[in-house]
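First up is the structure itself, then whatever we jot down about it.
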């Protein structure tokens with residue numbers, strides 16, 4: 001079609017437009033992509049032939065039926081002549097209603113046949129009511145092409161303007177960025193420096209400059225969306241802090257920008273919990289209240305699944321803010337709680353509400369009630385089935401009658417269009433309720449398991465277990481005589497083991513045991529039997545609900561502290577890990593163990609964690625959380641038993657993670673560090689050679705994928721610390737300034753626990769490469785040391801970020817000073833540990849053949865190779881080194897000849913004589 005509409009003969013263009021029109025009107029925008037049609041239309045509006053222009057107008061009106069008027073207007077009207085705009089505006093007045101496809105492609109027809117084959121369910125009565133289908137929700141962002149704004153920004157003199165001393169010049173420079181960023185879709189690029197500049201300008205002393213910078217951030221967030229997420233995270237604390245500004249222009253700009261950052265997907269509330277916590281503790285009440293207002297907006301515009309994940313973090317923050325001395329802050333906190341309740345119901349708030357006084361309880365209940373009433377009154381639009389059927393018939397009749405796009409302009413009947421996207425929510429939800437076909441199931445979001453157990457009375461549990469557990473057994477479990485309880489739990493154990501469909505009753509059985517005899521049972525034998533029954537259920541069922549784990553964890557952790565019940569309780573915790581994954585169990589145990597009054601719960605719980613890490617490995621654990629728990633709770637404990645248990649746990653982590661864990665514990669007391677070093681020796685790093693002894697039955701695929709794709713320990717993004725000033729100082733004429741910059745790089749890596757991401761390091765390696773040719777030899781050695789530190793901290797990703805810096809490092813091996821050569825070899829040791837020798841072979845082969853490397857340098861390099869070549873994953877990769885090695889056998893220096901011969905012997909050992 002794209003070729004056909006560009007035909008020079010008008011008679012060939014009109015039929016092509018009619019074909020597109022017919023396809024769109026019959027199959028809809030899901031099958032015929034609107035984006036391609038929108039690209040073709042601007043050229044057709046200016047076509048010399050009147051019939052082509054008329055057909056293009058008709059096709060535009062048909063698009064409005066499917067994707068709404070506003071997206072079409074905003075994309076096309078700026079490319080039209082004024083006369084064409086007026087004509088289309090007049091025609092658009094007739095566009096109303098909802099468009100529906102009248103034909104289906106074969107795959108949809110097959111789905112429809114499958115739906116008809118499925119027997120009708122009990123909900124047939126509701127499906128009999130005809131409900132109009134919701135219009136297809138099309139994001140305008142997906143309909144436009146991205147625009148590059150970095151190139152014109154560079155040419156506009158932006159960088160000089162933002163550094164100007166006059167405020168008006170700074171404002172004009174930022175205004176140019178705001179204008180460029182106002183495009184609907186911005187092409188992704190490196191906006192790190194732009195965001196760093198805007199971060200400074202938001203705090204500019206001149207209000208006009210600060211407002212303009214804030215608006216520019218909002219436009220960038222709208223145009224880049226998720227591509228601006230990293231920069232948004234860095235900018236958020238500054239924007240929240242700036243909310244203290246009382247001027248309406250600044251306050252409005254900040255509100256709009258913060259809302260845009262969330263709506264565009266740049267910021268998720270789950271990722272900015274710490275920033276919000278800091279903001280709500282700000283000494284300025286306005287910052288606290290406006291931050292909470294923004295949180296309320298974010299929750300209101302999020303989906304239920306997201307709110308279910310984050311409410312546990314934000315409800316405690318709001319409860320604390322309800323005690324604020326400022327009324328505005330308290331009101332804003334109430335708004336957040338109302339928004340949460342509106343999204344996920346009252347269940348998450350029930351425990352927190354118990355701590356409130358009656359006045360606040362009533363106010364919150366009233367706010368939640370009024371919000372629910374508002375939703376109910378405004379959310380549903382009454383529609384009669386006959387009216388819906390009539391409109392559907394009109395659409396069907398009109399679409400079958402029309403055969404050409406131009407006929408859209410002369411029709412007297414109103415043209416039915418897609419409703420605006422904002423108003424489509426209720427219709428969409430109604431359609432979902434009535435549509436029971438497989439298509440709706442496929443489009444539904446994956447169900448998120450609710451891990452918080454709801455309240456259930458003992459009577460209800462007994463009633464639902466009536467067919468599974470005998471009434472006499474439950475009565476005996478309630479008995480005050482321990483022998484009767486012991487007999488009852490034994491009978492229950494037999495009943496459970498004989499159940500064929502245990503999965504259906506698993507949660508109810510666990511709830512029963514938590515209620516009677518319950519976790520306050522004093523008799524040890526009964527306790528042991530209860531734990532054994534729960535262990536059996538957890539290890540037998542196909543899917544053990546996480547709610548059951550939450551119900552049992554407090555009681556089981558207390559049983560772990562008791563020497564009489566410790567063994568079965570630990571076994572039960574291990575069964576939980578096999579059922580739901582150690583990550584979930586550990587996460588829940590941290591809080592229980594921190595807050596429990598019995599120190600044995602903490603010390604013995606950590607000892608169980610040692611065995612769990614040994615059994616399951618670290619692939620399913622959040623290592624940062626467990627390290628923080630060890631540092632902040634375990635090692636800080638006043639009880640020696642707890643500290644010793646924590647040291648054992650860290651030692652076990654070292655077995656799987658390796659020496660990199662030491663970087664996260666560098667600020668621990670010296671006495672503890674020496675104890676940790678001794679534990680590391682008992683648990684040497686094994687890595688892949690230490691496979692887990694146990695596996696998780698129902699591991700979440702997303703978590704397992706993320707665990708497999710990373711090396712466990714977190715890496716820090718240091719791109720914000722690699723400033724232009726630092727890079728500039730690395731090339732400064734003053735050698736002292738250059739040395740300070742190299743030391744600053746080492747300090748940045750040290751502060752990141754020697755674990756960094758490759759983001760933003762390309763420019764740093766380029767600057768360091770220049771220092772390898774420094775006239776000051778001490779600086780060259782410092783640079784080599786810094787490169788080695790960076791390689792160790794980055795791991796395998798250093799190869800891509802360094803852009804061949806290894807070739808310049810190897811040139812330093814030719815220096816006649818022994819100390820310089822030693823520094824070079826140390827850097828190579830770090831590099832080979834990060835990337836493996838296989839990747840270094842091409843660079844080393846060049847260095848061995850280069851006469852500038854000198855006899856001493858080549859000799860040292862051969863000696864170094866002889867130590868490392870046996871560790872190569874693929875010995876065949878060493879073969880390219882044979883040619884320079886053979887040449888070195890005829891070298892003038894006897895030491896070089898001897899070193900080359902030793903190396904070749906090593907290659908012969910690993911590759912074999914035939915390969916060599």
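For all residues, glycine too, the Cβ spot is worked out from N, Cα and C.
Annotations in TrEMBL come from automatic prediction, not curation.
TrEMBL lists region 'Disordered' at one of the ranges 596-625, 626-655, 656-685, 686-715, namely 686-715. Mapped onto DSSP classes, the domain 'VHS' (725-831) shows 82 helix, 1 strand, 24 coil. DSSP states for the repeat 'HEAT' (314-352), grouped as helix (H, G, I), strand (E, B) and coil, give 32 helix, 0 strand, 7 coil. Restricting the average to the repeat 'HEAT' (314-352) gives a pLDDT of 83.
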